[in-house]
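Asker: Before I ask anything, let me first share the structure, which is written out below as structure tokens.
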Amino acid sequence: MSAAADHDRRYMRDESRPPPWCLMWLLLLVLRLVNWLQTAMLPPALRIADMAFGGHSMAEVVRTTAALGLADQLAQGPKTALALARDIGANAERLYRLLRFATAHGIFTASCPSDRQQGPETTFFCNNRLSACLREDHPNCQRHVILNCVGGQYLSGGWALLEWGVRTGGPIFEKAYGEPFFEHCKSHPHLEENFSKAMTDIDHSCGNSILQDYPWTRYQCYVDIAGAYGSFMADLLAMNPQSIGILFDQPHVISRAEAMWRDDPKRQAIAKRTSFASGDFFKPETLPCIKQAGSAWILRQICHDWPDQQVLQILKSVRAAMGAAKPPCTLCLVEMVILGAGSPTADYRDRVRTASDLQMMINHDGKERDAAQWAELLTKAGFQLKKIIPTRSLFSIVEAVPSTEL
């Protein structure tokens, strides 16, 4: 392996393992202090201008960097903008300016011989710890999450209509593209594929916290509803060798998932304990029929994609499919739980959660919900909210059990 490639390898560690809770709280306290200092020291006009100009441009630069695959192109070592432009078929001068902006914000590292003037032909760019997360082979890859959530030719129209959506309360994405998000994905297959890959990326970056901070091993059967390609299911089955799992999603997703599991040597052993089922979670008759009592029915980041009425339909479908098993099955919703505006316990993660809430509003007419909203929806669907378990990630586990007889 070349020295350059070995240098890049330093940034390829799996950093998804969460710190101990005590250290986690200390880190959050330090981050709150840093944020307070920044707020106190910067003039308000400068801060609001930075939010307006830096925020939008930063998001688009990160998305463009991910779309162009620049981190993968730099995997074997430093390259100039000119060399990169030749590799990907781009304009060298504009690519250099994009990389210069990204480097100024900590994405990529740049170097230029002291006797040369910086430019597309002379400045070398290489990956760093931040940009490496955009590599396809990074254990905590975020490339597909970014492509799924940020701007671009097929998704930016919704954000342009945010003001319209706030004024009218109407469905923003449908206004921009003439059809709901998931219907739009059907006519743009690469968006649908990227959506499923984004869910896998989230599992890889947040999965350890979700796995460690909830007692999953008390269940002997897992039913992962809309579980995409099954990365989370695979982790659960590996953690609990006595368990079985059922992966449920739309037919074309399950077809792809079965092929991926069949071709992956690492999953051949747990595949023997896994069943695949397809259908529509709005139709309870298509959901798996599970006779094993005490199963965990899991919906990860599903309900936030839908408005309340559709979420109620989904939850009622799951409740009907659970039946009247004794002991009862448990519903485990893996979701971001929003705190109230100005909450004294809010930390940096709440910035991401509230940003995700707007993303859900724009793309899906959905939302991230607070504890009271979850309790109300679950009660209407025939469940009783037992507790909400925070994890050392962005997500919490909303745990509920059936409260009504069928």
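Note that Cβ sites are derived from N, Cα and C of the backbone, with glycine treated the same way.
Pulled the feature table from TrEMBL, pasting it below:
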{"type": "TRANSMEM", "residues": "21-38", "note": "transmembrane segment"}
{"type": "DOMAIN", "residues": "54-134", "note": "domain 'O-methyltransferase dimerisation'"}
{"type": "DOMAIN", "residues": "159-384", "note": "domain 'O-methyltransferase C-terminal'"}
{"type": "ACT_SITE", "residues": "HIS304", "note": "active site, proton acceptor"}
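Quick one: how deep are these features, and who are their neighbours?
Answerer: For the transmembrane segment (21-38), the residues of the chain that approach it from at least six positions outside its boundaries are 347-348, 392, judged by C-beta separation under 8 angstroms.
Each residue of the domain 'O-methyltransferase dimerisation' (54-134) gets a DSSP state, and the totals for helix, strand and coil are 44 helix, 8 strand, 29 coil.
Looking only at the domain 'O-methyltransferase C-terminal' (159-384), the predicted model's pLDDT averages out at 90.
The Cβ of HIS304 (active site, proton acceptor) lies under 8 Å from the Cβ of GLU335, MET336, SER356, MET360, HIS364, GLY366, LYS367, GLU368, ARG369, each on the same chain and at least six residues away in sequence.
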